[in-house]
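Since the structure comes first, as structure tokens, the remarks are kept for the end.
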Amino acid sequence: MVLPLSQPHFSGALLLLVVSNLLLWEKASAIPACMAQKSGCWNPLVETFNSAMQTAGTLRTLADQFYVELYHNQFSSGQFLIFNSNLIRRDETVARAGTYCHSTLSNPPDRGTEHADAETEKYLKTLINYVGAWIGPLYHVVIELNVMQDVPETILSKVRQIEENKRKLLEDLRWILTKVYPTAEMKEEFPAWEHLSFLKSQGKHYKLLAMFNLSNCIYNETYHILFYLRELKCQITGEDC
């Protein structure tokens, strides 16, 4: 049927409405629907956020234990006390190791207008880079500890567990990104760890200085990760706001 010349405006509006509805359907279908179970409703997206937050809580505990172990185990305690003493004296090298974390280069905003106006997709991508920033350094620390002499199993096992949980958390975040933003392009950019050369050096002093940096940074960042996850869960699922 040929439409009269007086109808183009109406047909154009109808086409726009159809396209708009298709886009809304595509967005809704990208997010896992609630699945019925005997016990109630199960939402894969919410459950993945819960899994991520549980992993982040585990990381919090492991980071605490690792930090304490390094200060109390004979393998490292003496040198760590010296590092703290040098930190008070403002030794430049030790101060850098004790206060600077390379992961802050990808740290999401957590206060003020910048935080309130942050786009959720960008916020999620930034968190992926933030979480992933320590996976490479942890991998190298595990390798070095395996070849160092007299390394206690308690220290080695803690680093392994932290690395494993970091990878698990990163996979959860990647899954969330692909489900909520299926067409998003993600460029993972993990900043270089400047203390890697210290870790790879021959002297135990420098290896422990690298671990001094790693333990301080991971100890502090685990607090922030839980906050960021709660923010994202609220923004994306509307739960626990």
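Just so it is clear, glycine is given a Cβ too, placed from its N, Cα and C backbone atoms.
Recorded disulfide link (Swiss-Prot): Cys217 to Cys101, out of the candidates Cys41, Cys101, Cys241. Annotation in Swiss-Prot places Cys234 in a disulphide bond whose other cysteine, of Cys41, Cys241, is Cys241.
Cys234 (disulfide bond) counts 14 other C-beta atoms within 10 Å of its own C-beta, drawing on all protein chains shown. Checked against Asn213 (N-linked glycosylation site), the recorded positions Cys101, Asn220, Cys234, Cys241 differ in C-alpha distance, with Cys101 being the nearest.
Nearest by CA distance to Asn220 (N-linked glycosylation site), out of the disulfide-bonded residues Cys101, Cys234, Cys241, is Cys101. In terms of local Cβ density within 10 Å, Asn213 ranks first among the glycosylation sites Asn213, Asn220. For Cys241 (disulfide bond), the Cβ neighbour count at a 10 Å cut-off comes to 9, with all displayed protein chains included.
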